[in-house]
Amino acid sequence: MGNEVRVRYAPSPTGHLHIGNARTALFNYLFARSQGGKFIIRIEDTDQKRNVEGGEESQLRHLQWLGIDWDESIDKDGGYGPYRQSERNDIYKKYYDELLEKDLAYKCYCTAEELEEEREAQIARSEMPRYSGKCSHLSKEEEDKLIAEGREPSIRFRVPKGEIIKFDDMVKGEISFETDGIGDFVIVKKDGTPTYNFAVAVDDHLMKMTHILRGEDHISNTPKQIMIFNAFGWDVPLFGHMTLIVNENRKKLSKRDESIIQFIEQYKNLGYLPEALFNFIALLGWSPVGEEELFTKEQFIDIFDVNRLSKSPALFDMHKLKWVNNQYVKALDLDQVVALTLPHLQKAGKVSEQLSDEKNTWVRKLIALYHEQLSYGAEIVELTELFFKEQIEYNQEAKEVLAEEQVPEVMASFAGQLERLESFTPDEIKAAIKAVQKETGHKGKKLFMPIRVAVTGQTHGPELPQSIELLGKETVLNRIKQI
């Protein structure tokens, strides 16, 4: 094995880029870049029934959107291709034929029904279900008879008996498996397709992978892959298994869990920033030295240390993601925030596709008003709802504010001040509120809260004079009259 670090992300094109797969890609990418090595993307598409049209293209496009680039893949030949497993069948055949020739593998003619019966009988005896080895030493006559019955064989790897497979996991430390607990496993299906564990081991060797960094759900695959490496006398790469991502209930993140958005494309469509999502995902199961949590991609590459991958499950905290994204949104200039948010206002039918100069100025002021508190692009629709409503509804907290005894006096004074304004600007509105204070003697919350609630329906919000300006004199006076 050479000195250059070579790692891979190996997706199956079975759908869009999931947050968990994005994390696997991102950590492999950071590890390769931090070590001056190569990051390879290999498409594991042997299970044609599960492949989704457009799945491959979607995954690669959204990795690029996140800021993850690669050195070798289907679009960048580094001399170790093909990079799609479905195009490597001749390569796999050469290696499983070699195992058959050396009697390190054998043909198995058991039917699915026979295997299921065997499994059920083992469970009934409280035994660990595994293949009994029924076909492991067939005579030529027995094999000919099974072939004459029209049976199609699979190929099984002959698991060595009485051995212990040990590896030093980069995340979890030493892990060991007894081979006696692993039955002879299928490496080629009856239709001639290599299984996952066989194809992966062959590819990782031929593509000169030095480190395999993946989710802990692959731990049980590792001894099988190591046995295949050993059978050929190949160097075994270093393995590291990252902990699961869990939701707020500490349950494994499941694609069926609809309370959490789980696909990168959905975050992109909602107006999350790729740099922020990269930052957030990089902290899912990895931590830097110190308290800082916001880093550029280049900074992550400089500080990434595989030894700081967490041994505990990574909590997917939606509030944290919104906070991280908000920090990045706050760093944008107004033109960038408008580009991020305006399409969402247009899609929601709040503003038209073609804006007059006057309307464009109004929209830019509206977006600027919420710039600091915006968590993601699409949130602008919800935040600005009060500017597009004819009628506003008051919740219980708002009703309690409006029921205070000073409110009629404050509202009457404020309406009078607004009607006298010739110029409806934030400065003039601020002066009008001060005049109400002088006229009524009410100040602080007794003054500002009723005005805010009356015109916005909310007890909290952005700068009040700017909000009143954008609502417009007519709307504000109508709302005051309605209470």
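The count begins at 1 with the first shown residue.
Placement of Cβ uses the backbone N, Cα and C atoms for every residue, glycine included.
The motif ''HIGH' region' feature in Swiss-Prot is assigned to 11-21. According to DSSP, the secondary structure content of the motif ''HIGH' region' (11-21) in residues is 3 helix, 1 strand, 7 coil.
A coil conformation is recorded for Cys135 (Zn(2+) binding site) in the three-state DSSP classification, outside any helix or strand. When other Cβ atoms within 10 Å of the Cβ of Cys135 (Zn(2+) binding site) are tallied across all protein chains shown, the result is 19. Per Swiss-Prot, Zn(2+) binding site is recorded for Cys108, Cys110, Cys135, His137.
Same-chain neighbours of the motif ''KMSKS' region' (252-256): 18-20, 244-246, 262, 316, counting only residues six or more beyond its ends whose CB sits under 8 Å from a CB of the stretch. Taken from Swiss-Prot, the feature motif ''KMSKS' region' covers 252-256.
According to Swiss-Prot, the ATP binding site annotation covers Lys255. Under DSSP, Lys255 (ATP binding site) is assigned to coil, being neither helix nor strand in the three-state scheme.
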Intrachain C-beta neighbours of Lys255 (ATP binding site), sequence separation six or more, cut-off 8 angstroms: His18, Gln262
Those binding-site residues listed as Cys108, Cys110, and which of them has the most Cβ atoms within 10 Å of its own Cβ: Cys108
Long-range Cβ environment of His137 (Zn(2+) binding site), under 8 Å and at least 6 residues apart: Tyr106
Env. residues of Zn(2+) site, Cβ within 8 Å of mean position of Cys108, Cys110, Cys135, His137 Cβ: Tyr106, Lys107, Tyr109, Gly133, Lys134, Ser136, Leu138, Arg156
